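J.: The structure under discussion is supplied below as structure tokens; questions concerning it will follow.
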Protein chains: 2
Amino acid sequence: MTIKIGVLGFGTVAQGLPKLLAEKGLHLEQMLGESFAISKVLVRNQEKREQLANGDWSYDFVTDIKEIIADDSIQVVIELMGRIEPAKTYISQALKAGKHVITANKDLLALYGSELSRLAEDNQVAFYYEGAVAGGIPILRTLANVLALDKVERILGILNGTSNFMLTKMIDEGWTYERALAEAQALGYAESDPTNDVEGIDAAYKASILAQFGFGMRVDFDQVSHQGIRQISPVDITLAQKLGYAIKLLADVRQLASGLSVSVAPSLIPLDYPLASVNGVMNGVFVESLALGQSMYYGPGAGQLPTALSVMADLWQVGRVILGQETVRPFNPLQAPAQLARQEDILSIYYILIEQAEVSKFNQLGLAVSQSLALEGYQAYLTPLISLVELEDRLNQVGLNPISLIKVLGE
Amino acid sequence: MTIKIGVLGFGTVAQGLPKLLAEKGLHLEQMLGESFAISKVLVRNQEKREQLANGDWSYDFVTDIKEIIADDSIQVVIELMGRIEPAKTYISQALKAGKHVITANKDLLALYGSELSRLAEDNQVAFYYEGAVAGGIPILRTLANVLALDKVERILGILNGTSNFMLTKMIDEGWTYERALAEAQALGYAESDPTNDVEGIDAAYKASILAQFGFGMRVDFDQVSHQGIRQISPVDITLAQKLGYAIKLLADVRQLASGLSVSVAPSLIPLDYPLASVNGVMNGVFVESLALGQSMYYGPGAGQLPTALSVMADLWQVGRVILGQETVRPFNPLQAPAQLARQEDILSIYYILIEQAEVSKFNQLGLAVSQSLALEGYQAYLTPLISLVELEDRLNQVGLNPISLIKVLGE
């Protein structure tokens, strides 16, 4: 008996699912011993409904969530609407109705992931969301099934394809921030309001999910410090290259003696680090762990078919649960009390850009800089390892307000 | 009731398992609801047995496999002896005795993987071997659990850490092949007989396993063409760099219209490809597939703890089977009839190195070369896309025997 699916939302990503099911559904059926079929699809309004019903799709398009929740023949709900509400309410209703739920909604998971996971557990149903972080890269499953048995020490991620595309073009083609943004919008990578992408908010949502999978810690979203790419100037890019670094918007989740540090910020990455060659709209997640050492997972961070593949992987596991081939288990097996690192324990090298007129002021800081470089009236320095609070404190003391202050990876 | 393990072999890799169990065993127990304990360990002879029994280990060291096979309290056998025999016989006995088996023995799996998998299926026990390819990188599980739902088109892999270390040093430090080999041996990366590593045999074993996981096809090992790194000269390295390429020993598993092509050969990789920055003893597996597009998995290809982590991931899944949390399933869900590509369908760009005295002969080939470069009496060319059979045929016709002939990735 075919396993019936209700899909919430039918935008670009959701329409990838029928495509992939058409290509691989038979194969999935062979592996599982049972087939899947999309039964009902929830759309926004009557107009949308009629438009789709008159198209190529044979699904039952509905506008009322009750038609899916109350339909006992539907065992799996796949939420691909995005945003917080009404997605949160609908998912909660589906879980309470004993339906397994798959989503790729990172905003929702970052903010309400534990609440929804608990609800799934209470109702003994599966709640999987591989597509929520790094699109098609199976990073959550890898963290949950393999790295959960290791001791993860740090996760570094290039998690937002839009900003990475923009930075790549700013570096490789010398584009300005404005041009890069306009092109990203023209190509459909960035929305008309690009705030979440360029301000690091989208990456911060994903960093908070990675913190849960890598360390079991639920870090409140407002405790993830995030900074965007707006302030990166052509001078920074030129100097970074001369110093041997790429600039990337980097999520950094790191276990320190005093606790976990979770941040998203533009960062200088040495050109010979594997993450430095994650370019364009691609994503990369780099993990440092006790047993495995260094590993990296690279692939498209978004897109119709990559996300559909993640949903398919979730769907296979849900199918195994429905058919009694495996028990329901939490997607993320790790749970630990959240303990945040003290600000003064978070040490890093920093790149500081000032005007040459301020060099004497900089020298008063007494920092043993490892490199310095001049360009067109500007001066750049790489500091020794120092905490941001101490660095800012010292800068205040000498009355120096740098043009740029960017984290640098490496010893 | 603790799940008891019998371990076959107690070399470096096997000794990583108790280390990782000491670190993460409690955690594994929390995730699973049951603990694991190594009960008996098979060692080579009495001498070894006494030596170990007098050491720090509290295991029951035995020299006769029967003591493990006949012990009904042992539910899991982990084979870490390596080589074909007696590993194959012992694994077969364990499977027939209804024990779940975990191994990291790539040689054995490449040659007898399907036979042993069938035996496991017949006896309804698990047979997992994440550690067999690319050490700690969870590439087999990713292929089996995620990419099996995609349509894999090509797998490119840097799968042998020893030869990659050597090539990296030959490129970065200008070492000769001989020096690179001596250093690899001094560091313990290469054995005293390095044939399997430097001749591409070890990589070919792994490529054959990747062919099974990526395409479901069992390709006989003698149908995997393999070529090693011995013939790479300093001139090749210099010219490759000038042309914008890295040289890597690359496994290439590729679906063509006429069938599958599986080969291992030194290859020129454009410097901006993600695989080009897989250096030293690290491994990388790059996958091209329909839905996901391009993805890459990077990490240590060997080593005590990375391999132990792969064994732990297998062990967790075996534990779930033993405890009824999931059903036994084949590690690799794909099966398709093996169909090899016709040689004339396997097209590639080639790098050809000749002496400058032979340039007029080369010109008689009538190849529309895309690049050519001269160095110290030598001349290098990049050919258009051509099959190796046709290229060799043409070279024979004009009586030209190139000094080097190396595959080049890219359009």
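Every residue, even glycine, has its Cβ placed from backbone N, Cα and C.
As annotated by TrEMBL, active site, proton donor applies to B:K206. Feature annotation from TrEMBL assigns NADPH binding site to B:K106. Among the features that TrEMBL reports, L-homoserine binding site is placed at B:E191. Taken from TrEMBL, the feature domain 'Aspartate/homoserine dehydrogenase NAD-binding' applies to B:9-130. For B:138-315, the entry in TrEMBL reads domain 'Homoserine dehydrogenase catalytic'.
So that I understand the layout, could you describe where these features sit and how close they are to other parts?
T.: Taking a C-beta cut-off of under 8 Å and a sequence gap of six or more, B:K206 (active site, proton donor) has these contacts in its own chain: B:K106, B:A110, B:A132, B:V133, B:A134, B:G157, B:L159, B:N160, B:A251.
Counting every protein chain shown, the number of other Cβ atoms lying within 10 Å of the Cβ of B:K106 (NADPH binding site) is 24.
Under DSSP, B:E191 (L-homoserine binding site) is assigned to coil, being neither helix nor strand in the three-state scheme.
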J.: For B:E191 (L-homoserine binding site), write down the residues of its own chain that are at least 6 apart in sequence and whose Cβ falls under 8 Å from its Cβ; none is a fine answer.
T.: B:Q185, B:D197
J.: Helix, strand, coil residue numbers for the domain 'Aspartate/homoserine dehydrogenase NAD-binding' (B:9-130) per DSSP?
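T.: So the domain 'Aspartate/homoserine dehydrogenase NAD-binding' (B:9-130) is made up of 61 helix, 22 strand, 39 coil.
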J.: Please report the DSSP secondary structure of B:K206 (active site, proton donor), reduced to three states.
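T.: Assignment for B:K206 (active site, proton donor) reads helix.
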J.: For the domain 'Aspartate/homoserine dehydrogenase NAD-binding' (B:9-130), what is the mean per-residue pLDDT, to the nearest integer?
T.: 95
